[in-house]
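Colleague: Heads up, here are the entries from TrEMBL:
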TRANSMEM  B:20-40  transmembrane segment
TRANSMEM  B:52-74  transmembrane segment
TRANSMEM  B:80-100  transmembrane segment
TRANSMEM  B:112-133  transmembrane segment
TRANSMEM  B:169-187  transmembrane segment
TRANSMEM  B:216-237  transmembrane segment
TRANSMEM  B:306-326  transmembrane segment
């Protein structure tokens with residue numbers, strides 16, 4: 001009897017929920033590397049993206065529709081697994097758009113094998129490889145992080161301003177490192193004495209330092225990861241006296257860098273993607289409230305990627321084609337600037353026929369084929385700490 | 001004359017010193033691998049993780065000592081903690097032998113099966129180490145960082161080239177020499193050492209002459225644990241400790257052991273230095289040295305590098321293949337693998 005009561009109560013609740021939900025559910029794919037090398041970053045990224053969708057649902061402005069995130073695992077490294085996951089999102093979950101993927105390699109694979117054949121928009125928060133700018137995407141690929149082509153330009157500019165004309169380059173042996181070093185080499189007018197890779201996860205870098213030191217140069221350009229080979233290379237360079245000033249790519253930015261080397265690397269310079277201003281502060285407050293660490297890598301970009309998808313859905317037909325047609329328009333001027341947390345207001349403006357310019361957490365401005373222009377913080381290391389020179 | 005000195009210093013700084021320290025670390029690791037192979041007759045893929053475990057304990061005890069204010073002058077405190085690391089590691093490998101390997105020895109399992117079992121053991125130890133110490137990178141060397149620092153050397157000699165000798169590099173080589181000398185004395189002069197060699201040469205004959213196999217196995221594990229802890233600690237002192245990088249040095253260690261001749265302690269040492277010097281020499285850019293030594297007309301335009309550093313691992317394996325082709329038992333004629 002008790003069981004029967006419980007069962008009927010449960011049925012009533014379920015039925016009630018069904019009645020309340022007379023809106024259509026739109027699935028949005030969230031494909032990130034929940035397992036693999038960046039598994040420590042992706043939970044924060046996914047939570048940020050889902051925060052944007054929840055805000056849209058809670059605002060009630062997007063009448064008649066509910067946005068539902070559907071997660072899938074890109075693995076960051078295994079293109080076949082990522083493609084299968086993307087395939088699942090598009091066919092069985094029937095998503096209207098995909099937020100992701102994360103790492104450049106798998107993003108290219110999902111784009112070519114799933115997104116383009118099915119006409120689904122992808123907005124990646126973190127794939128930075130310059131090669132993706134030239135990918136055959138039928139106008140379906142966007143990203144909220146800047147391409148490393150731009151980082152390469154800025155690295156070269158910074159050196160030229162300092163009057164440094166001869167450098168040695170070492171990069172981490174991956175799509176990221178190779179792409180960034182190529183972009184840098186293409187923009188740097190001075191002499192590159194040697195441009196060679198290093199493997200991450202090895203302890204001994206004597207051979208690499210021997211070659212770099214022999215080639216010489218005023219500065220060693222390190223395009224690697226701070227918790228990986230990049231740090232090992234720097235340690236060996238300082239120990240042997242081969243180099244004592246460095247130019248550091250974005251992967252080398254981290255507190256552990258100055259904790260390890262302190263004043264030994266005074267005078268070194270570097271750049272890292274950065275955003276500041278109202279939008280960033282608004283996002284930080286919202287994320288902290290939702291229990292997300294706001295300073296985590298690519299959380300802002302993830303929020304913006306999901307927010308752009310939601311706004312593009314609301315701007316026209318809530319279909320795959322609608323997202324593709326409207327994404328650029330909601331991201332860029334002209335229109336009312338939209339900060340994080342104002343998504344409901346943005347949708348109301350769109351519904352009443354107005355224009356919006358999504359600013360978001362990272363001052364989104366999509367250029368070229370739909371990638372963020374991005375801003376970088378140019379810093380020097382002074383007295384064993386980061387010191388901002390300027391944001392550019 | 002000054003040019004010649006500069007060239008010499010450059011070679012010392014970028015080739016000889018780092019290769020010698022790296023070679024000593026590889027040699028100690030390879031010795032452990034080769035002893036297990038010679039006496040227990042299987043390739044122990046868990047060796048790198050035993051090294052990581054020992055180093056982890058040393059790091060813990062070092063931190064404890066530092067919090068008590070105990071230090072070792074200019075030498076790293078970790079050397080004082082080393083005996084405790086060895087004890088913990090001995091307990092670990094004897095325990096593993098008791099729980100895992102003994103069973104397979106009793107049933108006279110094929111070496112291939114034991115090898116696969118050791119891969120399983122490696123994964124378990126991998127997990128244990130990560131559970132306790134985490135996956136991140138840590139540095140635990142203290143004391144004086146340099147015996148000769150690059151800046152001081154330049155100031156003192158007025159040469160263009162710098163020479164640096166890290167305390168950890170000197171400690172590595174000295175410790176390796178002491179450990180290897182003790183090991184050879186033990187194997188060649190003591191009764192237990194001789195019985196180990198007898199057991200390794202011919203198991204049946206050794207059993208007939210009354211050697212207790214379980215005793216030999218236990219002593220072997222104790223030595224292997226000490227070698228692994230010392231090798232792991234020296235490597236971590238010189239570079240830094242990260243469980244993942246320890247797993248990665250398994251391959252050069254095996255290459256060293258095989259090049260030298262699997263099962264031959266002397267071979268493991270020669271193999272370790274061969275691999276280390278080859279990796280560095282084949283990928284060294286001789287441009288700078290040539291610039292000092294050669295007259296201007298003969299100086300190379302390029303880097304004068306045999307192979308790009310991208311290929312440094314290919315170098316170790318090319319040597320491995322060549323040795324196996326021409327001397328299948330290794331340079332010092334160990335057992336065939």
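Here the Cβ of each residue, glycine as well, is placed from N, Cα and C on the backbone.
These numbers come from a predicted model, not from an experiment.
Thinking about packing and proximity, how do these listed features fit into the structure?
Modeller: The list of residues near the transmembrane segment (B:80-100) in space but at least 6 beyond its ends in sequence, with Cβ under 8 angstroms from a Cβ of it, reads 46, 50, 53-55, 57-59, 61-62, 64-65, 70, 72, 117, 121, 125, 217-218, 221-222, 224-226, 228-230, 233.
With a threshold of 8 Å between CB atoms, the same-chain residues lying at least 6 positions outside the transmembrane segment (B:112-133) that come near it are 40-46, 48-50, 52-53, 56, 59-60, 92, 96, 100-101, 104, 241, 243, 247.
Packing against the transmembrane segment (B:169-187) from elsewhere in the chain are residues 17-18, 20-21, 24-25, 27-28, 31, 75-76, 79, 147, 193-194, 196-197, 223, 226-227, 230, 234, 237-238, 265, 269: each is 6 or more residues past its ends and has a CB under 8 Å from a CB in it.
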Colleague: At a threshold of under 8 Å on Cβ distances, which of B:20-40, B:52-74, B:306-326 pairs most often with the transmembrane segment (B:216-237)?
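Modeller: Ranked by Cβ pairs under 8 Å, first place goes to B:20-40.
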